[in-house]
Amino acid sequence: MIRLIFLGAPGTGKGTISSYLKEQHGFFHISSGDLFRFYAKEEKTALAEEIKSYINNGLYVPDELTNRTVADFYHKNQSQDKIIFDGYPRTLNQCEYIDEIIKFTHVILLQPTDWDMIINRLSLRRSCPQCKRIYNINSVDFKPKVANLCDLCKVELIHRKDDDPSVVSTRINVYNEQTKPVIEYYKKKNLLHVVDANKSFEELYKLVLEIVNK
């Protein structure tokens with residue numbers, strides 16, 4: 001049984017690698033951002049209404065509610081053999097909470113050596129609003145087959161506002177400051193594996209597979 005956490009700032013490749021692990025190796029993918037959107041849209045529960053009250057008002061979802069949401073979704077899907085957590089945990093409080101529920105097997109930190117490359121990668125990123133598949137319009141391997149259309153859903157791709165270069169630097173700085181304690185937490189538990197996020201996707205994917213298959 002594999003319980004994997006991906007850590008890394010925006011643009012380091014967490015979502016793309018997670019998608020490939022899901023499609024090619026049967027991993028179940030839990031993304032905190034997607035979870036909030038799912039609960040707010042699909043679920044008809046008190047928990048969903050609570051999440052909706054924050055999202056609809058543009059407010060940050062507090063740790064306590066994030067923890068309950070992830071735990072609720074995990075309990076409904078814990079029979080899955082291989083699960084990826086992407087974007088969670090992001091704070092020390094979240095780490096301590098979820099470690100009482102789940103025994104993680106691997107924590108992979110995608111850490112760039114060149115941040116300018118990451119900022120450029122994000123500025124070229126496009127995503128499908130339906131299936132969440134990620135594309136890069138300047139990459140031979142990751143651009144859509146038909147310009148600006150998702151290969152799977154055939155809907156128009158979007159460029160998220162928070163992927164604009166003017167916003168990306170702030171997102172990266174906030175993420176790095178926020179996750180320093182998380183990185184130290186899993187380092188002390190001897191679960192942390194650090195991978196250079198500036199490597200090509202093929203190299204990154206190969207390294208990740210080597211880690212999870214140990």
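Each residue, glycine too, has its Cβ placed from N, Cα and C.
In Swiss-Prot this protein carries:
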type	residues	note
BINDING	GLY11, THR12, GLY13, LYS14, GLY15, THR16, ARG125, ILE134, TYR135, LYS199	ATP binding site
BINDING	SER32, ARG37, LEU59, TYR60, VAL61, GLY87, TYR88, PRO89, ARG90, GLN94, ARG160, ARG171	AMP binding site
BINDING	CYS128, CYS131, CYS150, CYS153	Zn(2+) binding site
REGION	31-61	region 'NMP'
REGION	124-163	region 'LID'
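Everything Swiss-Prot records as a feature, shown here on the structure.
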{"residue": "GLY13", "record": "ATP binding site", "DSSP class": "coil"}
{"residue": "SER32", "record": "AMP binding site", "DSSP class": "helix"}
{"residue": "LEU59", "record": "AMP binding site", "DSSP class": "coil"}
{"residue": "TYR88", "record": "AMP binding site", "DSSP class": "coil"}
{"residue": "ARG125", "record": "ATP binding site", "DSSP class": "strand"}
{"residue": "CYS131", "record": "Zn(2+) binding site", "DSSP class": "coil"}
{"residue": "CYS150", "record": "Zn(2+) binding site", "DSSP class": "coil"}
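Of the candidate binding-site residues, LEU59, TYR88, ARG160, the one lying closest to GLY11 (ATP binding site) when CA atoms are compared is ARG160. Beyond its flanks by at least six residues, the region 'LID' (124-163) meets 10-11, 15-16, 19, 31, 34, 171, 201 of its own chain at Cβ-Cβ distances under 8 Å. Residue pair SER32 (AMP binding site) / GLY15 (ATP binding site) shows a Cα separation of 12 Å. Proximity to TYR135 (ATP binding site), defined by a C-alpha to C-alpha distance within 10 angstroms, is shown by the following binding-site residues from LEU59, VAL61, CYS150: CYS150. Cα spacing between CYS153 (Zn(2+) binding site) and TYR88 (AMP binding site): 27 Å, rounded to the nearest whole number.
Here the region 'LID' (124-163) has a mean pLDDT of 89 out of 100. Between the CA atoms of GLY15 (ATP binding site) and CYS131 (Zn(2+) binding site) there is a gap of 12 Å.
Just so you know, the Cβ of SER32 (AMP binding site) picks up 19 other Cβ atoms within 10 Å once every protein chain is counted. The most densely surrounded of the binding-site residues LEU59, CYS131, CYS150, judged by C-beta neighbours within 10 angstroms, is CYS150. Taking the Cβ of CYS153 (Zn(2+) binding site) as centre and 10 Å as the limit, one finds 14 other Cβ atoms among all the protein chains shown.
Largest CA to CA distance in the ATP binding set (GLY11, THR12, GLY13, LYS14, GLY15, THR16, ARG125, ILE134, TYR135, LYS199): 18 Å, whole number.
Geometry remark: LEU59 (AMP binding site) versus CYS128 (Zn(2+) binding site), CA distance 24 Å.
Between the CA atoms of GLY13 (ATP binding site) and TYR88 (AMP binding site) there is a gap of 15 Å.
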